Amino acid sequence: MGSALETFCGQAYGAQQYHMLGVHMQRAMQVLVLTSIPISMIWAFTGQIFISLKQDPQISIHSGIYARRLVPAIVPYGLLQCQLRFLQTQNIVWPLVLSTGITSLVHLLICWTFIFGFGFGNEGAALSIAISYWTNVHILAIYIKFSPTCQNTWTGFSRAGTKNLLNFLKLGIPSALMVCLEFWSYEFLVIMPGLLPNPKLELSMMSISLNTSSLVFRIPFGLGTRVSNELGAGRPHAAHLAVQIVIFLALTESLSLSLLLVAVRDVWGFLYTNEKEVVRYLASVAPVLALSNFMDGIQTVLSGSTLEKLFGHFMSG
């Protein structure tokens, strides 16, 4: 849902309505915080849901515990998505790189401490994710508040940020639908292997595939911001040119990474596990995964323009 900010903030920035970027971010933050409530309820009962879906009991129990410990990460994750898009639409990149780098180092330290130092295991991994998200949120909040580059776009919390939430939802829901339908299709595929004779092997392979896919589609996902900036500036011809360039870059990036995945398919799995059986199984499905990733690179470009509604209707049939 937060991806709607790419359109709202991108067009506001292009139209030089700089104060509206902060207003749009406030609206998005409120909507995402409220949305986190029902999501938290679902995550709290993940174990029971998996068992009712005839999943392996042991896997279901551990998944439920992990999901409950991950609930504190929902709110900061939503806030972080708003901050990222607020800065990206202003072409502010290096602070994001620095913040992410610092957070990654903190995350490694916290993960090791919780998992091995305190012996929390998977629960420690989930808690460390929540702490890392909050760390990133606070770093970016400090930057947005005190940086001269954001003095025109962030003027503090205002009443305008609490109004017209429905307008955000009109674009936010189709944006969420476009992304969620794809993710839900993957999650459905995660459920199905749990019904097979060897669920641990099947789920391991599917988890690695999902992580690999997320690495591929995140790069073209941010390219659509350029299209929003040109649309907001009232330059349709420049926006058309930007669309062509973005599509070319997305296709090139997706094709390159997909070919790379096929080339290193026999060793790629070792980045995630030392189980040779899982690695061999992953290598056998790598060509199909590469094709899926290539198609991902095409559809993610659409998220930066006002095509969310059209594509959302298309994805829902």
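Each residue, glycine too, has its Cβ placed from N, Cα and C.
According to TrEMBL, the transmembrane segment annotation covers 31-53 (among others). Tertiary proximity for the transmembrane segment (31-53) is limited to same-chain residues at least six positions away from its ends with a CB under 8 Å from its CB atoms, namely 1-2, 59-61, 63-65, 67-68, 70-71, 74-75, 78-79, 81-82, 165, 168-169, 172, 191, 194.
The transmembrane segment feature in TrEMBL is assigned to 92-118 (among others).
The annotation transmembrane segment is assigned in TrEMBL to 124-144 (among others).
The annotation transmembrane segment is assigned in TrEMBL to 165-184 (among others).
Sequence annotations record features per position, and here TrEMBL assigns transmembrane segment to 241-264 (among others).
Sequence-distant neighbours of the transmembrane segment (92-118) (same chain, 6+ residues past either end, Cβ-Cβ under 8 Å): 84, 124-125, 127-129, 131-132, 135-136, 139-140, 143, 147, 149-150. Tertiary neighbourhood of the transmembrane segment (124-144): same-chain residues 66-67, 69-70, 72-73, 76-77, 79-80, 83-84, 86-87, 95-96, 99-100, 102-104, 106-107, 110-111, 113-115, 118, 150, 154, selected by CB-CB distance under 8 Å and a gap of 6+ residues from either end.
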